[in-house]
Structures are given as C-alpha cells and as structure tokens.
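Have a look at the structure below, then the notes.
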Amino acid sequence: MQDQAIVAILDGIRWLQEPPVWPDDATRSWLTERGSMTQRLEKHCGKIRVRRYREGFVTACIEAWEAALLPDCGRFWLREVVLYGHDRPWLTARTLVPAAAEAGPAQQVLSLGDVPLGQWLFRHRPPARDVIQFGRVGTLWARRARLRLTEGQPLLLTEAFLPDCPLYISGGDAPQQ
C-alpha cells in the first residue's frame with residue numbers, strides 16, 4: 001500500500017462517542033498508552049523509521065473536530081507520517097500545532113524531519129494529555145489526543161494502528177523477530 005493510501009486512513013476514522021468495549025487487555029493497553037508510542041513500537045523492531053507524507057503550514061483545511069480542540073488561529077503546522085517497523089507500515093499519524101506555537105517549545109516540531117514525534121515529546125517531561133478519544137476504521141483501531149506542552153501549548157495527535165502493527169498480534173507486547 002502506498003503512503004498516500006495509508007495516510008488517507010486518517011480521514012476515514014469513525015470516532016466512538018462512548019468508551020470502547022475492549023476486545024482484550026492487550027488492545028486496551030496499546031490504545032491507552034500514556035508513554036511514548038514510538039518507544040513501545042521500538043521494543044518490537046529496534047528502530048522505527050519515519051516517512052513523511054505531508055508537512056507544512058495549512059489554513060482552514062482542518063476538520064471541525066480538530067478546530068474545536070485547538071485555538072482559533074487560522075494557521076497550523078500539519079505533519080502526516082507513516083511509521084515503519086521491519087519495513088512494514090505499523091502506524092500512521094497526523095500532528096497539528098497552532099502557528100502561534102512557533103515561538104514556544106513546539107517550534108521544534110516544525111523541524112523534526114524524519115525523527116519520530118514521540119522521541120522529541122518524551123525526551124524530557126512527558127506532555128499532559130487532557131483529551132483522548134478512540135475510533136475505528138473498519139477493523140483497525142485509532143486514537144486522538146490533545147497534548148499540552150510545557151507552557152500549555154496544545155498539540156493534536158491522531159494515530160491509526162495499521163494491520164501489521166504489533167497491537168494486532170497475539171501477545172502484542174512480545175518482541176517480533
């Protein structure tokens with residue numbers, strides 16, 4: 001599957017209005033992970049590879065639910081990526097940062113390049129997570145969260161767990177070969 005099709009999965013997420021009934025404890029553990037998802041994935045492959053699909057400033061093309069969770073500034077930094085483990089796509093993610101964050105701690109997000117967001121986010125003090133919601137795309141799981149950085153700056157992160165992700169493997173925390 002091409003990165004364009006993988007990233008398009010983010011647009012098809014059906015967000016759940018109620019907390020989900022988890023199929024098992026492993027799924028719940030993955031979806032409610034409060035630490036770095038990058039670190040959790042790297043336990044299964046050693047090193048995550050990031051492929052950027054789209055990155056740059058956008059205006060007015062964000063979804064209504066995204067706008068409701070971020071300050072009304074009209075301009076946002078958008079980063080859409082696919083994370084690969086063992087050369088297989090495991091997770092696709094979208095990060096939105098208000099343009100006003102260019103002057104604060106979030107300015108480093110604008111220059112991450114191929115560095116995983118989680119590697120930067122959890123390097124020092126973990127961000128506060130004040131909103132989290134779960135969703136589905138067919139049989140795939142997704143989550144979105146508003147994170148607050150050190151000065152309270154918001155960052156919106158949406159993640160969809162792709163079919164080859166260790167989440168879906170029986171015993172989802174056993175390292176893969």
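Just so you know, glycine gets a Cβ as well, placed from its N, Cα and C.
Swiss-Prot annotations:
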- MET37, ARG79, LEU117, GLU159: substrate binding site (BINDING)
Collapsed DSSP category at LEU117 (substrate binding site): helix
Residues satisfying Cβ distance under 8 Å from ARG79 (substrate binding site), sequence separation of at least 6: ARG52, ARG54, GLU55, ARG94, THR95, VAL109, LEU112, LEU117
Residues near GLU159 (substrate binding site) in space but at least six apart in sequence (CB under 8 A): MET37, LEU91, THR92, ALA93, ALA142, ARG143, ARG144
Cβ-centroid neighbours of substrate site MET37, ARG79, LEU117, GLU159, 8 Å, sequence order: THR38, VAL81, LEU83, LEU91, ALA93, ARG94, THR95, PRO116, GLY118, LEU157
Which of MET37, LEU117, all binding-site residues, has a Cβ with the fewest other Cβ atoms inside 10 Å: LEU117
